[in-house]
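K.L.:
Structure in structure tokens, see below.
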Amino acid sequence: MNANELTIAEARDALARGELSAVDLTMACLTAIDAGTPLNAFVHTTPEIALDQARAADARRGAGAGALNGIPLGIKDLFCTRGVASQAASNILRGFKPEYESTVTSKLFEAGAVMLGKLNMDEFAMGSSNETSCYGDAVNPWKVDDRRLTPGGSSGGSAAAVAADLCLAATGTDTGGSIRQPAAFTGIVGIKPTYGRVSRWGIVAFASSLDQAGPMTKSVRDAAILLGAMAGHDPKDSTSADIPVPDFEAALTGDIRGRKIGIPREYRMEGMPAEIEALWARGREMLADAGAEIVDISLPHTKYALPAYYVIAPAEASSNLARYDGVRYGHRARLGQGDGIVDMYEKTRAEGFGKEVQRRVMIGTYVLSAGFYDAYYNRARKVRALIKRDFDEAFAAGVDAILTPATPSSAFGLGEMADADPVAMYLNDVFTVTVNLAGLPGISVPVGLDAKGLPLGLQLIGRPWDEAGLLNHAHVLERAAGFVEKPRKWW
């Protein structure tokens, strides 16, 4: 096994035993990144920074070293990294190098992590296939019949990099499923924490009431380790919760006897593929065999979640993206003689924003306009409150976690949805958006392969602030599924 193929936990132990140096581990990842160019997962590599951090980690080894000392990670391009290009995969931020560090990356560096570079993503995190990036498509390391497949979105580069062993783990963000869907498509683990568990400061905003950062890893244990380093109160983020961060790794006891797992009847969608239904049934059996009690529950407002999400998220995006005007930073259009400031705004945004971002900004502006605010935006906010109430009632009735599919299918081909109705692409989020609307933690765990040999995942949804319990349930599911498959290397 090459060093870049290790999990965080395995690498941590090997580093502690002196069997491996952080420099060797980092070099193995940098070599893998060079070989992995066809995946287009990394869009900016930082070998000098990485090796400096690795040497510092080797010097620190021993007492007082952080939980991630010497562990090489990839960072989604949505996170601001001081002095390193941070473009949110958008032409409008081309060349932007922040003069500050996001809270998440600061915490990772404090824990001793090594930054290998920045990862591809959908532009401004708007997409489910990583096809809206100014850097071009990220490619799933899993392949069928020589077709290039999507790694999912928006954290597609993060998912592809982890699945292909280009890095030991990566950061992602999740607004409506952007950690969990790519994780399911690539056979890795991805957790969206409770809203407010991880600081959003220094992360380019999409929809501020929905965005949440989280880890994308090779195992549930790694997710627990990485989340422990990312989480915590941040006075710079007013939505960051001032509550203690438990030891997530210590919570992985593997004992879920007597725990109650809810199965929401509303997630049995019309036309659900038989493979997804069978996978869900298998997940129920695995948790029951581990001693959990399986109960049917109702989340009656689930059917309204997708339309509510695609009103609220674009509305918030249209407000957040108004700051990109060509005045202070990023791209500015070339102006003709006689052009005024309005012309500059219009030309800059037309050149800088891609089609999907423009579409969502227009939707958001429309639903916030005077004649439609009550009909669309206010109604969507009321639906959101009802969706949250459904979950609150299920948890109040004693349910400890909820099991659902993570995605309605396995990964599809790049370009296959290009001419489809945008709503068809939005349906990829059908199982995940409720979690963001309710502010809950959710995790995708790889459980099996479909008939084509592509990975499929199941989603577990937890009580608010109970990532520890959620991770333990996921740990049990992971062990029972025994998913160890890796993509056959073609790149």
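Including glycine, each Cβ sits where the backbone N, Cα and C put it.
Copying in the features that Swiss-Prot gives for the protein in this structure:
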ACT_SITE  Lys76  active site, charge relay system
ACT_SITE  Ser154  active site, charge relay system
ACT_SITE  Ser178  active site, acyl-ester intermediate
K.L.:
Around the Cβ of Ser178 (active site, acyl-ester intermediate), how many other Cβ atoms lie within 10 Å? Please give the count over every shown protein chain.
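P.N.:
Result for Ser178 (active site, acyl-ester intermediate): 37 neighbouring Cβ atoms inside 10 Å.
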K.L.:
Lys76 (active site, charge relay system) has how many other Cβ neighbours within 10 Å of its own Cβ?
P.N.:
30
K.L.:
Could you state the whole-number distance in Å separating the C-alpha atoms of Ser154 (active site, charge relay system) and Ser178 (active site, acyl-ester intermediate)?
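P.N.:
Between the alpha carbons of Ser154 (active site, charge relay system) and Ser178 (active site, acyl-ester intermediate) there are 5 Å.
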K.L.:
Lys76 (active site, charge relay system) to Ser178 (active site, acyl-ester intermediate): how many Å between their Cα atoms?
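P.N.:
So the Cα of Ser178 (active site, acyl-ester intermediate) lies 11 Å away from that of Lys76 (active site, charge relay system).
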